[in-house]
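Enquirer: So TrEMBL has the following annotated:
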- E48: active site, proton donor (ACT_SITE)
- D188: active site (ACT_SITE)
- E281: active site, proton donor (ACT_SITE)
- E302: active site (ACT_SITE)
- T392: Ca(2+) binding site (BINDING)
- 511-554: region 'Disordered' (REGION)
- 518-529: compositional bias 'Basic and acidic residues' (COMPBIAS)
Amino acid sequence: MPSLLSTPWIHWLFWGIVNDSVQLLNGLAEMSGLIFRHMQDKTVSVFETTIRVLGGLLSAHLIASDYATGMKIQSYDDQLLHLSVDLAQRMLPAFDTPTGIPFGSVNLLHGVDEDESKITSTAGGGTLTLEFGVLSRLTGNPVFEQVTKNAVRGIWARRSKLNLVGAHINVFTGEWTQKDAGIGTSIDSFYEYLLKAYLLFGDEEYLYIFQEAYKAAMKYLHHDPWYVEVNMNSGTTVWPLFNSLQAFWPGLQVLAGDIDPAIRTHHAFFSVWKRYGFTPEGFNLATSNIQNGQRSYPLRPELMESTYWLFKATRDPRYLDAGRDMVASLQYGARCPCGYCHIEDVESHKQDDHMESFFLAETVKYLWLLFDLAIGPDNIVENGPYKYIFSTEGHLLPATPEIALVNEHCSYFGAFCKGEGGQIYGTKGTLLGHQEANDTRSDSKWVLSGQHVNLKDSFATSGFIKGQCLGLTHGQKFGIAYSDEEDSAYEHESKIQAQGHSVIVIPSAATRQSVDSGENKLIDTKEPSESPITITNRTENKVDNVSEQNSTDS
């Protein structure tokens, strides 16, 4: 292990970057401002710009401005925060839709293009809450948090009777245009941000939605230890496919406290890595072969992320062994003259001259955290002044009182109250239209730059006011529960529909989930080559257009 930690590339990627970044931050704001000025008339992905650019700016600002971490830069004067506000304001027009779910793309100068597609992914519309929410907490402007919460509500309100969501939706009509439900491509980080928004902000509405969504996923998508794609309405299996974006799921389960299935699923996913040296974008569980058209590995971080979280939860050295195998594959299979290259084919290990930003933001970051934790919890993440939440792009978001306890501290201490007389960052003068029926925010206008508002009047409490609506369930409070009669009728209908379809022959998940509570033992998972899953028909190949979003990108 010491020889691995002393590997030059590990030191160069982390200690060099971390040490130099403190000095570089002084010039970063000026450079970023210059880039923004030249990119204003550009159409960008709302999702990718949020998780990569906005999240990076906010995380760097929080580190550079915090005395408690010992990394405060004396000459820093909130330049990155100003850039974050400017960027987020330019993306706000994307949220002006009847459903509240944002367009997938927006022009940073002109707003949404006239010919912009009205179809967006579930992850694209539901993975914005952390970055926009943090920005609201830092600036006192509730609009950023409100629009992203409305987007989540817009998606969840259109879930199926099984509490499943599809992959793509029309942001104007709310109609699902792709009804395949899963935990991978186009959906993955929707689940992730539900739980993390609760952990960071303490908003119990996010927790309630996550609990309902998670139960549905484990009931309909989980075929221990794998996960499949099903029709969101009937629960019928559509494709027995492991795609590389699913590999974030065990890490999310660790955060949710569901360790045993996380251990088994990670073991299965890692068996694919061991077979090829990398994980292909798609692996067909029915044929035990790489899915047609999905042979590449674009340096994705999800398996490393889950490996880190499982080691943190169990301290089992097998995860250090897994991390060592991953480092070896990257070093000897992906290394190229100017960095690390995509793997075009995981069988031939042919390289593609391309490296995504998430390789540095996540892939090697999680590997470093894994091995550093093995030495001892002496870094800022493990032993800093706050608990940290990782964004889906691996950016550190600290649970400071200003961010995590904004309402409580405003009520009791006043230290972080940005109410009367406080400076509120502004937005373009646009009305928040198309309110959902279960929207608890006020019907106020978006605040113009330079205006002062009373935060208490413009910002509803996080989730709900504790003690309100005594005796009601969470679903009744939020208006997002189905009646028992509807559920019973639909359950009967689903059973009838399921009888008319062929299904994957997999042992019942319920019979395999129990693990001796006193031990952390892996259930042996067969190698993929041993055909762990069979399917009775529909053996034709499926070629997915795997999105460039990593999400845990989607």
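Cβ coordinates come from backbone N, Cα and C, glycine included.
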Enquirer: Just going by other Cβ atoms within 10 Å, which of the active-site residues E48, D188, E281, E302 has the emptiest spot?
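Expert: Fewest other Cβ atoms within 10 Å, among the active-site residues E48, D188, E281, E302, is found for E48.
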Enquirer: Given T392 (Ca(2+) binding site) and E48 (active site, proton donor), what distance in Å do their CA atoms have, once rounded to a whole number?
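Expert: Cα-Cα, rounded: 10 Å.
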Enquirer: If I take the alpha carbons of E48 (active site, proton donor) and E281 (active site, proton donor), what is the distance between them in whole Å?
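Expert: About 19 Å separate the Cα atoms of these two residues.
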Enquirer: Could you tell me the C-alpha distance between E281 (active site, proton donor) and E302 (active site) in angstrom, no decimals?
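Expert: Answer for this pair: 12 Å between alpha carbons.
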Enquirer: Among all the protein chains here, how many other CB atoms are within 10 A of the CB of T392 (Ca(2+) binding site)?
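Expert: I count 32 other Cβ atoms within 10 Å of it.
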Enquirer: How many Å lie between the Cα of D188 (active site) and the Cα of E302 (active site)?
Expert: 11
